[in-house]
Amino acid sequence: MRASCVRFHEAKPTQSKAVLLQSLRVHNNPLALAMDLLLFHRDQYEKLYNCSYKTEAEWAKEGSPNVPLGILYIVIGTSFISLYMLCLRVMFTKQLRQSSCLKIMIQIGVMDMANLVANCVYTGYLTMIGAVFCTAPLQQYIAGSYIMFAWTICSLTSVLLCLNRALELMFPRRMDVLFGGYRIFFWLALPWLYGIYFGGYTPSPSFSTKVYAWFFDPYLGMDDLKVDRSYYNSPPHTYHNIGTSIIFTILYAVHFATLWWKTRFSTSEAMGKTKRKLFIQAFLISTINFSACVCYVIIEHIMPPTFVILTAHFLWICCNCGPVVIYLTVNKTIQAEFIRTFMPRNMHSRMIAPTSVTTPAGKSTSRASVA
């Protein structure tokens, strides 16, 4: 048995009414959940996440290994993590780091890689071995807390990107006051504080090959176990997903209205095209997050068929794979710098499209497209 497993007992667990009430009080206390529950309320943790209902062999039979699906998860994860590492190498150049928007995109990239480690690489491994929570409970519990930490940072940073784009359209002259210099790091710290709360003080999800996805109920699909399922839910996670979805919708309504208002009489085609491309980048990144948020709210409360659950999981993966594809296909600045950094020099002129730029003196110059 793995060292991370809770010790199994032959006798079936029994709890008095008083102990059950105490368990419920601790579990519903937002300051006694996740890592706090594991570290400081271990007795309650072992009551709520009890693996003595079955033997180790019986738990192993509960899982359904799926090697092709597991390999697919791992290949997707490692491929996009590698692509992100190359893309972030470009985004860390001095020229690009000067933009507050690019700093936010860098944080999204870092947290996307952190998510891919969990929802692709680690999930792929669990899928291949046919894991359920009690095949490695401590390992899964810690991984679930990590997932809450990484997911909430990533999605809230996407909201920050959307807010940054909207404010730049509405108040372009105020952007330096709001996001300039070290002020951007204050904004970037907010998602981290938020993520620490979710990772440390909200319930931890666990993976089960009953449905090949992460759920808060560690005994999902095991109807033979007489367990009070009301313990295993996470209102903060639901509020987060619904809240970010609503905020995305509001910000993009404001963003679209402002873009239309400011460019309705514009004669500058280049300015309109640049703003549209920036809008498209932020819109695509945030729309993927919106879709995953909504899907996971639905499947946490209404158990759909397995293919719907797998679709929701792949949407979560797309949340973390999509941005790097968008950066390299839509963002001409990152695209051009990527080509200069990683492609042979003799290919630069053919792959980087020059654009004409008029200087203040009225002279026309040529440079790579930066939209």
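Heads up, the Cβ atoms here are built off N, Cα and C, so glycines get one too.
Now, the feature entries from TrEMBL:
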{"type": "TRANSMEM", "residues": "71-92", "note": "transmembrane segment"}
{"type": "TRANSMEM", "residues": "113-138", "note": "transmembrane segment"}
{"type": "TRANSMEM", "residues": "144-163", "note": "transmembrane segment"}
{"type": "TRANSMEM", "residues": "184-202", "note": "transmembrane segment"}
{"type": "TRANSMEM", "residues": "238-257", "note": "transmembrane segment"}
{"type": "TRANSMEM", "residues": "278-299", "note": "transmembrane segment"}
{"type": "TRANSMEM", "residues": "305-330", "note": "transmembrane segment"}
Practice problem: Establish whether the number of Cβ pairs under 8 Å between the transmembrane segment (144-163) and the transmembrane segment (71-92) reaches at least three, counting only pairs separated by 6 or more residues. | Solution: no
Self-check item: Positions whose Cβ lies under 8 angstroms from the transmembrane segment (113-138), at least six residues beyond its ends
Solution: 2, 4-6, 38, 49, 51, 53-54, 59-60, 62-67, 69-74, 76-78, 80-81, 84-85, 146-147, 150-151, 153-154, 206-210, 212, 214, 218-219, 313, 316-317, 319-321
Quiz item: Near the transmembrane segment (71-92), which residues from the same chain, at least 6 beyond its ends, have a CB less than 8 A from one of its CBs?
Solution: 102, 105-106, 109-110, 112-113, 116-117, 119-121, 123-125, 127-128, 317, 320-321, 324, 327-328, 334, 337-338, 341-342
